[in-house]
Amino acid sequence: MSSSSHRGILKTEALTKYLLETSAYPREHEQLKGLREATVEKHKYWSLMNVPVDEGLFISMLLKIMNAKKTIELGVFTGYSLLATALALPQDGKIIAVDPDKEAYQTGVPFIKKAGVEHKINFIQSDAMSVLNDLIADGKEEGTLDFAMVDADKENYLNYHELLLKLVRVGGIIAYDNTLWFGSVARSEEEEMMDFERAGRVHLMKLNKFLASDPRVELSHLSIGDGVALCRRLY
């Protein structure tokens, strides 16, 4: 992916290019690079749905610091952040990956196999709400997940939050992606925006306001990629 198409909030193209070329691309795993390039080739503009390289590196380091072994990912697309997660987990690590679009995920499967991490991934073709409710109803997964990555339908982020707080352990982390939504959350309602920006902006502003006052989590809102809200479960 070219620096000009980097999905982030850095408005200076030169600064984005510097960040990627100096620190991110040199550290990118070979199979992640291959997946990124294959996604751009096949999905063109929609390749922006994958997390950028610097965010993938951040998630990888965070998981290693946490010694995470069991995670869930809501919203997979072609699997860039999923592969980054799988590479960061130990050999016996497990990821529940949920997305209704299995076709896009197939773009990433060859790279996941080449990286030798396919055994860590349980891909479920479904909407996320159904899977979360099933996991809670089953009872075996409550409070067992170390980490959750949410990069799915924005209108359900608050609903996912309530369910994930039952599944993620105390001290575990939920990461919400796209929380700055191309910078639109800081614009006024009267400013000109694309339809998708305006629609997502409403849901993400509600989420950000809610998370800031949720006593059940410790919050760190990062201006990496398109914005990432990290929530550590307190109780």
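From the backbone N, Cα and C atoms, a Cβ is placed for every residue, glycine too.
Swiss-Prot lists Asp177, Asn178 as divalent metal cation-binding residues, and of the candidates Asp151, Asp153, Asp195 the one it assigns to that same site is Asp151. Checking the candidates Val40, Val51, Val185, Val202 against Swiss-Prot: the one annotated together with Glu73, Gly75, Val76, Ser81, Asp99, Ala128, Asp153 at the S-adenosyl-L-methionine site is Val51. Comparing C-alpha positions, Ala128 (S-adenosyl-L-methionine binding site) sits nearest to Asp151 among the binding-site residues Asp151, Asp177, Asn178. Note: the CA-CA distance between Ser81 (S-adenosyl-L-methionine binding site) and Asp151 (divalent metal cation binding site) rounds to 10 Å. When the binding-site residues Glu73, Asp99, Asp151, Asp153, Asp177 are compared by the number of other C-beta atoms lying within 10 angstroms of their own C-beta, Asp153 comes out lowest.
Long-range Cβ proximity for Gly75 (S-adenosyl-L-methionine binding site), meaning a same-chain Cβ under 8 A and a gap of 6 or more residues, is found for Val98, Asp99, Ala128, Met149, Val150, Asp151, Ala152, Asp153, Asp177.
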